[in-house]
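Taken from Swiss-Prot, the feature site 'Part of a proton relay during catalysis' covers S45, Y108. The annotation pyruvate binding site is assigned in Swiss-Prot to T46, I204. Under the heading active site, proton donor/acceptor, Swiss-Prot lists Y134. The active site, schiff-base intermediate with substrate feature in Swiss-Prot is assigned to K162.
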Amino acid sequence: MSLSGIITALATPFGPDGALDLDAWRRLLEQQLHGGVQGLVVAGSTGEAAALSDDEYDTLLRAAAAQVAGRVPVLAGTGLSGTAKTIAQTRRAAALGAQYALVVTPPYVRPTQAGLKAHFLAVADEGGLPVVLYNVPGRTGCDLLPETVAELVGHPNIVGIKEARSEPERVAALVALRSDSFVVLSGDDGSAAHAMLSGAAGLISVASNALPAAYRRLCDLARDGQRDAAAAWDARLSEYHNFCGIESNPIPVKALLQRAGIGHGLRLPLLPLSAAHQPAADRLAADAIALEALSSREMLAA
């Protein structure tokens, strides 16, 4: 299965007692599929992977693979701070039914570019899944440079990159590396339309947890090269782009999901959305219902 279009980085629903809410998880998965998403990420940073036990990771991924049943690709977040642990987690994800591993640069340890290259080559060689590189320097403390990516794209098991940096020059440098076997995916909702109009294959999104159809519509327009229509739709979604970054991810998007009946909060050290931002969450959650309906109608008419 190819990677393109709208791919949701799923939030993990918890119940009032803080345990996994598997009923909410299954409802979220089905809502995403109904909204037209073209891929799903389980247990990434938006999914609070760092707060999950091994058993919970297994449960989420196994349930997702079973429910999705091959309708769209399932990517598992497997990146950890050490290479051996990342390889083991990637093998674990393969056994649980993931089709791809989303492998973030090792957090906190700040390897050199040579170290990053060696790390990703080892995971690609030994992990047992196709690897999507993930660069998000604001979270990890290190930046996977395009020239290093250029040295990795020839590996048959390295199939793409999720790039969270939004600078046009960074996007252009990565898009120049794309091929039939290597895709570039935006990891930033706010700049994704520009990235796709510039040649990126899609978006791994946070806000699409709450608005799968609306972000599918954005991706369709941008990937089709409909510049004016994509810009107009992007402007319509700009409040959601901005809101989902108003506090640490996934705090804001989980506030939207909670208002839609999916989940009841976060795990420490993350706290619920601050009181100052609750009115915006109320308004945007209400507006999302109409926006999703409009998106579905427009996609049917297209």
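Yeah, the Cβs are placed from backbone N, Cα and C, and that goes for glycine too.
Features recorded in Swiss-Prot, as mapped to the structure shown.
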residue: S45; record: site 'Part of a proton relay during catalysis'; Cβ contacts under 8 Å, 6 or more apart: A9, G77, V104, V136, R139, N249, P250
residue: T46; record: pyruvate binding site; Cβ contacts under 8 Å, 6 or more apart: A9, L10, A11, V206, N209, N249, P250, V253
residue: Y108; record: site 'Part of a proton relay during catalysis'; Cβ contacts under 8 Å, 6 or more apart: S81, T140, G141
residue: Y134; record: active site, proton donor/acceptor; Cβ contacts under 8 Å, 6 or more apart: G44, G79, L102, V103, V104, T105, I161, K162, A164, G187
residue: I204; record: pyruvate binding site; Cβ contacts under 8 Å, 6 or more apart: I7, T8, A9, G39, V41, L102, K162, L185, S186, G187
Neighbouring CB atoms within 10 angstroms of the CB of the residue listed as 'active site, schiff-base intermediate with substrate', all protein chains considered, total 27
